Amino acid sequence: EVYFKNLSKQKQKEVMEKNGNNHKLRVCVATCNRADYSKLAPIMFGIKAEPQFFELDVVVLGSHLIDDYGNTYRMIEQDDFDIHTRLHTIVRGEDEAAMVESVGLALVKLPDVLNRLKPDIMIVHGDRFDALALATSAALMNIRILHIEGGEVSGTIDDSIRHAITKLAHYHVCCTRSAEQHLIAMCEDHDRILLAGCPSYDKLLSAKNKDYMSIIRMWLGEDVKTRDYIVALQHPVTTDIKHSIKMFELTLDALISFNKRTLVLFPNVDAGDKEMVRVMRKKGIEHHPNFRAVKHVPFDQFIQLVAHAGCMIGNSSCGVREVGAFGTPVINLGTRQTGRETGENVLHVRDADTQDKILHALQLQFGKQYPCSKIYGDGNAVPRILKFLKSIDLKEPLQKKFCFPPVKDNISQDIDHILETQSALAVDLGGTNLRVAIVSMKGEIVKKYTQLNPKTYEDRLELILKMCVEAASEAVNVNCRILGVGISTGGRVNPREGIVLHSTKLIQEWSSVDLRTPISDALHLPVWVDNDGNCAALAERKFGHGKGIENFVTLITGTGIGGGIVHQHELIHGSSFCAAELGHIVVSLDGPECLCGSQGCIEAYASGIALQREAKKLHDEDLLLVEGMSMKKEEVVSAAHLIQAAKLGNTKADSILRTAGTALGLGVVNILHTMNPSLVILSGVLASHYVNAVKDVINRQALSSVKTVNVVVSNLADPALLGAASLVLDYTTRRIY
């Protein structure tokens, strides 16, 4: 709440011209249970913090008011919200008929409340039967409806209810790009859809720093350690109650066998919930020394419990949505969440005939730590929703309009609804400089930061984190949605684990370094790491000459020589992540010594370091400078001086460059005979000086069947940063769940 108060002070005082200068938007927020309140509360705090724009009325109904489910309306009062109306709408029963009767009872009671409140807009969340009653009442009484979390896909009757509410709602706030596409496909007006992210993530992503041990001990006992307990939350599946009860029995049997301290939460109010509670009691869960069975845990405390758990198990949407923000392992049981987008932390057990499959899943998942996932939000949902609410024109006709095919092209959201450009944080860890950039999906470098690369490991990692945090904060201001972080670095990298196994001599103290974990923990973003040569190849595949090419090779000609190989559209890493070390192809048995310790490598002939070495030799013998060249006394001899001398007619400098070009060409011929690519891309500062020499060597030395290969110079201005961004953009936009 303090955050939103401070935010409101910083905002420009917008004048609500469309709705009248003095009119405040009267918003009714109706909450039915503990789960939807966790999503609605951040919005309610935001509305309350801006009384100059909004009037808030809170209506509480459903399981909030039932003692068996913890009387959770009290947490709304504890959050200092005035509850305008309490409606007892749950008809007690154990079958589907009770759910229908509960909807009917809510429909009988709600009209009187809405007549008294006369809200301008009602905010409804999710896919519960209570929410369907709210949306139906508001729609029939000509009250505008804002639906939170529409467009998502899951199992059970929830899908049908969610989509029914979508058709009744006038405005939509969705959490993921897929959900937005689903709403558009359902003929909803694109201008009335906001891709904001999940409001609960605004609280989740700042939750891990709090004192969590006291919370863990309070709910699970004094002797429990972090990552050494399980949180279980399972609900009945209303379309197959009998099977879901059986699955719950097997889950409890597996948890008993697994023998870890477990917090079990009571299920939602649904057909079959009483039978699940009876199963718990039949198995003695409430009195078992390893179990704690509770009706409700306040959301702030629940966040801490799942963030530090060894595993979460069940079929709650919380497991596949919110828990991903912490990288906590999740076992999703049954079909209740089928179709949900999930992070890599979720392991699905679709069906189980015995406890063995669930027990095996526990053994696989328990205690792991996955990269943090931000599929469902980036922590900035509420400011977007508030701006969206302010943009609503109450003078517009109330009647909904549906956008039937052809569907409006959804390249980008209307700027008034502040849809950010999907982007990546790209990090280039060079020998001299450390660079961080915000890179858009189209390859545009929106913002770039450069610092000198510190010499020590600790200072280097600290600077990376600082620059990434700064860039991530700036991304909101430039309307960019950060999907993840990609890191390009020299040396040998294990991209599966995000570990630099050992780096080049240019970057000291950089061996067996886990880059993924600290950056992912700090930013709550997924992180990918790869070798700079591989990143250059990825940049070409996404933005450069390699786009649409099935087989090609990229060669970087700079301080060193590196590269990447793309075969059948996929990057090749090799069995020990050493593939495409193209600079260390040997082209002469008695050639100059390479930094790797071998002799005759391409890098020993054609790299910037090699050319600088030869330039120094010529300079020491007074054979470098020719007419038209000059050097200051303190100026360091470099490869650039050798190239300049060759252009001005220095035959010795020209001979060195021709030898370097021949060595590089021979290496390319070896690559052609090994991989048979259709394209070779020369990248880096020396590429333009080598391209003709490489083509000549191919014509002289290569087999006729590969001479048709196309050799080009890269047209990418910054392949290292673009390649690091490609690590993120390629993965996050092609992921299949």
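Placed from the backbone N, Cα and C atoms, the Cβ positions cover glycine too.
Feature annotations, reproduced from TrEMBL:
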{"type": "ACT_SITE", "residues": "D532", "note": "active site"}
{"type": "BINDING", "residues": "R492, T504, D532, E581, H584, E603", "note": "N-acyl-D-mannosamine binding site"}
{"type": "BINDING", "residues": "H584, C594, C596, C601", "note": "Zn(2+) binding site"}
{"type": "DOMAIN", "residues": "53-390", "note": "domain 'UDP-N-acetylglucosamine 2-epimerase'"}
Round to a whole number and give the Cα-to-Cα distance in Å for the pair E581 (N-acyl-D-mannosamine binding site) and C601 (Zn(2+) binding site).
11
Mind giving me a neighbour count for R492 (N-acyl-D-mannosamine binding site)? Other Cβ atoms within 10 Å of its Cβ, every protein chain shown.
19
Quick check: with H584, C594, C596, C601 left out, which same-chain residues have Cβ atoms within 8 Å of the centroid of the Zn(2+) site Cβ atoms?
G583, V586, L595, G597, S598, I602, E603, A604
Can you give me the average pLDDT across the domain 'UDP-N-acetylglucosamine 2-epimerase' (53-390), rounded to a whole number?
90
For H584 (N-acyl-D-mannosamine binding site), the one of C594, C596, C601 that lies nearest, given that the binding-site residues are compared by Cα:
C601
When neighbour density is defined as the number of other C-beta atoms within 10 angstroms of a residue's C-beta, which of the binding-site residues C594, C596, C601 has the lowest density?
C596
Measuring CA to CA, name the entry from the recorded positions D532, C594, C596 that ends up nearest E603 (N-acyl-D-mannosamine binding site).
C594
Could you check which of the binding-site residues C594, C596, C601 is the closest Cα neighbour of R492 (N-acyl-D-mannosamine binding site)?
C596
Least surrounded among the recorded positions, given as D532, E581, E603, when other CB atoms within 10 Å are counted:
E581
What does the structure give for the C-alpha distance between C594 (Zn(2+) binding site) and D532 (active site)? Integer Å is fine.
19
